[in-house]
Amino acid sequence: MAGNIFPVPESWAKSAFCDNETYLKMYEQSVKDPEGFWGEHAKRIDWFQPWTKVKSGSFEGDVRFKWFENGKLNVAYNCLDRNLAKRGDQVAIIWEGDDPKVSKYITYRELHDQVCRFANVLKAQGLKKGDRATIYLPMIPELAVAMLACARIGVVHSIVFAGFSPESLAGRILDCGGKVVITADEGLRGGKPIPLKENTEEALKKCPDVQKVIVVKHTGGKVPVVPGRDVDWTEAIKAASPDCPPEVMDAEDPLFILYTSGSTGKPKGVLHTTGGYLVYTALSHQYVFDYHDGDIYWCTADIGWVTGHSYIIYGPLANGATTVMFEGIPNYPDWSRFWNVVDKHKINIFYTAPTAIRALMRQGEAPVRATSRKSLKLLGTVGEPINPEAWLWYYNNVGEQRCPIVDTWWQTETGGILITPLPGATALKPGSATRPFFGVQPAIIDPEGKMLDGPGSGYLIIKESWPGMLRTVYGDHERFKQTYFSNYPGLYFTGDGARRDEDGYYWITGRVDDVINVSGHRLGTAEVESALVAHPAVAESAVVGFPHDIKGQGIYAYVTLKANWEHSDELRQELVKWVRKEIGPIATPDYIQWAPGLPKTRSGKIMRRILRKIAANEIDNLGDTTTLAEPAVVEDLIKNRQAVASSGKA
């Protein structure tokens with residue numbers, strides 16, 4: 001199926017910002033003359049003072065680099081003030097609540113007023129340029145207001161996903177030295193309350209330096225209040241002045257810190273700066289999603305993750321877009337929720353995660369067919385590689401074969417999309433992220449660090465910096481160098497494996513730590529998972545390696561079946577043969593364990609570390625499980641593990 005090619009529809013080639021010829025020209029200029037290219041495209045945002053040098057520094061030595069040196073700007077000014085004259089009364093944010101009966105429309109003028117007032121509230125709490133504020137809010141409009149207010153006065157925000165535990169919150173507050181925490185009484189998810197204020201109180205037992213807690217009354221739930229420390233959001237905003245001049249920021253001043261899990265140790269505080277990040281997110285949002293004035297754009301991510309930072313708030317608002325914020329989940333109140341929202345708000349561009357698509361696919365076509373979706377013109381995926389079967393299901397059923405799919409590859413560290421189709425320029429191959437975005441120079445290297453030419457598989461690295469890239473790990477530049485530049489000095493190591501095909505298209509094969517070495521042969525787990533999911537019985541699978549006496553590592557597959565299939569030994573044998581046929585004998589699974597569900601974080605990522613431990617029977621040392629969406633799933637898997645040892649051998 002990976003051989004399918006979907007050419008660019010003629011209508012897209014004509015109407016899009018970029019056809020193939022334009023892409024090739026722009027890409028060539030962006031890598032041959034990055035200073036000229038980015039100097040030109042940086043004019044898309046407003047600068048208080050122009051830069052003196054577009055790009056300096058390198059990946060060598062101490063790994064320090066700058067973009068738009070000495071340029072002065074303000075992110076909130078670019079997202080709000082400069083849009084007021086032309087589109088003050090245009091809707092900036094459509095907020096769709098967890099309850100399908102609840103939504104709000106917030107214009108640029110209203111958002112600007114709220115942001116200025118809240119920026120003054122932050123100043124009144126003693127916050128100034130360079131200080132850090134921790135934001136622990138659900139997907140409500142106040143989250144957008146809080147981050148833009150921080151940006152307006154030069155306060156560095158650290159947003160903590162509202163699904164994280166008190167321990168995770170405390171660790172992030174302590175690491176960044178946050179003085180103020182902005183939270184809510186409760187969040188809502190699928191009709192169930194999330195005790196955010198209670199979690200905050202628990203976390204603050206370990207954070208003596210937090211001086212103020214600003215609380216949004218979202219559900220009205222009864223929560224603890226600490227007089228003298230807690231500030232009521234609504235009262236404070238009402239009393240604040242709507243006049244707040246934007247702080248003049250240097251292009252290299254920090255904008256935000258966002259924590260991402262490392263393969264070892266505590267989460268890393270990825271630090272993004274102001275000028276390069278905004279230029280990169282705005283340009284990539286316009287070109288990747290072919291965003292035209294009047295389009296309604298919906299990225300389903302949570303703002304607690306980088307996708308929400310870059311492609312719900314900063315990129316879209318810098319482009320004067322109408323962006324949708326969604327508090328809910330795909331299956332509440334039922335499995336048609338996404339598509340009902342699409343119809344309700346006449347969404348044109350829809351960007352979601354493969355894990356959501358696979359969950360929807362498992363429910364069949366009926367919940368999709370129950371809706372119109374005729375407003376959709378473009379679909380996107382983000383967060384992990386999408387297997388060709390899920391891609392085709394999405395293309396055929398959701399987009400009804402009329403909507404191109406932009407399968408985007410990037411990371412918290414990269415700030416924005418690095419490898420992606422452009423809808424008017426790129427012929428699509430299901431499962432491939434296709435080609436690099438402007439200014440991005442990917443390459444594939446083998447484990448010894450030799451650069452591969454032409455088709456080949458290996459580690460994905462990036463040769464040169466780009467404007468949206470992280471500058472350091474907050475408070476730990478050594479860890480930054482160690483993590484990203486020590487394996488192959490002078491090159492940014494992504495930690496992902498990739499394959500480049502004969503057309504120069506990139507296929508992301510999964511994390512390098514998700515590689516299994518079977519009898520000296522390297523296998524990407526994503527490849528085996530794709531083969532399993534291609535079987536009509538399989539809804540989802542996760543594959544890990546486990547210690548094997550003879551082969552070094554064996555293949556252990558967790559398989560979730562579609563609703564109308566029953567597990568049996570016959571089906572297990574059939575799946576083994578299927579994988580052998582799809583990939584070859586080297587990929588034969590040693591064990592297949594039936595899994596009613598897979599352990600996932602609240603952002604939908606499968607926690608493979610836990611699956612590896614269970615496969616290796618190291619169940620008394622599962623490590624940190626606080627980010628699990630459904631802890632009961634793990635208990636089920638452990639219970640089933642013993643049965644697999646005796647009967648699950650494939």
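Backbone N, Cα and C atoms are what each Cβ position is placed from, and that goes for glycine too.
According to Swiss-Prot, the CoA binding site annotation covers Arg189, Gly190, Gly191, Lys192, Thr307, Asn331, Ser519, Arg580. Annotated ATP binding site per Swiss-Prot: Gly383, Glu384, Pro385, Asp407, Thr408, Trp409, Trp410, Gln411, Thr412, Asp496, Arg511, Arg522, in sequence order. If you look up Swiss-Prot, you'll see Val533, His535, Val538 marked as Mg(2+) binding site, on the strength of sequence analysis. Annotation comment: Swiss-Prot describes Lys605 as N6-acetyllysine.
DSSP assigns Arg511 (ATP binding site) to a strand.
The Mg(2+) site, placed at the center of the C-beta atoms of Val533, His535, Val538, has further neighbours from the same chain whose C-beta lies within 8 angstroms: Glu389, Ala531, Leu532, Ala534, Pro536, Ala537, Ala539, Ser541, Val559, Leu575, Trp578.
All chains included, 11 other C-beta atoms sit within 10 angstroms of the C-beta of Gly191 (CoA binding site).
Counting only the Cα atoms, the space from Thr408 (ATP binding site) to Thr307 (CoA binding site) is about 11 angstrom.
In this structure, the C-alpha atom of Thr412 (ATP binding site) lies 27 angstrom from that of Asn331 (CoA binding site). Checking each of the recorded positions (Gly383, Pro385, Val533, His535, Lys605) against Gly190 (CoA binding site), the C-alpha distance stays within 10 Å for none of them. Of the candidate binding-site residues, Gly191, Thr307, Asn331, His535, the one lying closest to Gly383 (ATP binding site) when CA atoms are compared is Thr307. Rounded to a whole number, the C-alpha distance linking Lys605 (N6-acetyllysine) with Pro385 (ATP binding site) is 11 angstrom. Non-local neighbourhood of Arg511 (ATP binding site): Gly495, Asp496, Gly497, Arg608, each in the same chain, at least six residues away, with C-beta under 8 Å from its C-beta. All protein chains shown were included, and the count of other CB atoms within 10 Å of the CB of Trp410 (ATP binding site) stands at 24. The C-beta environment of Pro385 (ATP binding site), restricted to residues of the same chain at least 6 apart in sequence and closer than 8 Å, consists of Pro354, Asp407, Trp409, Gly431, Ala433, Trp507, Ile508, Thr509, Gly510, Ala526. Neighbour counts of Cβ atoms within 10 Å were compared across the recorded positions Arg189, Lys192, His535, Arg580, Lys605; the minimum falls on Lys192.
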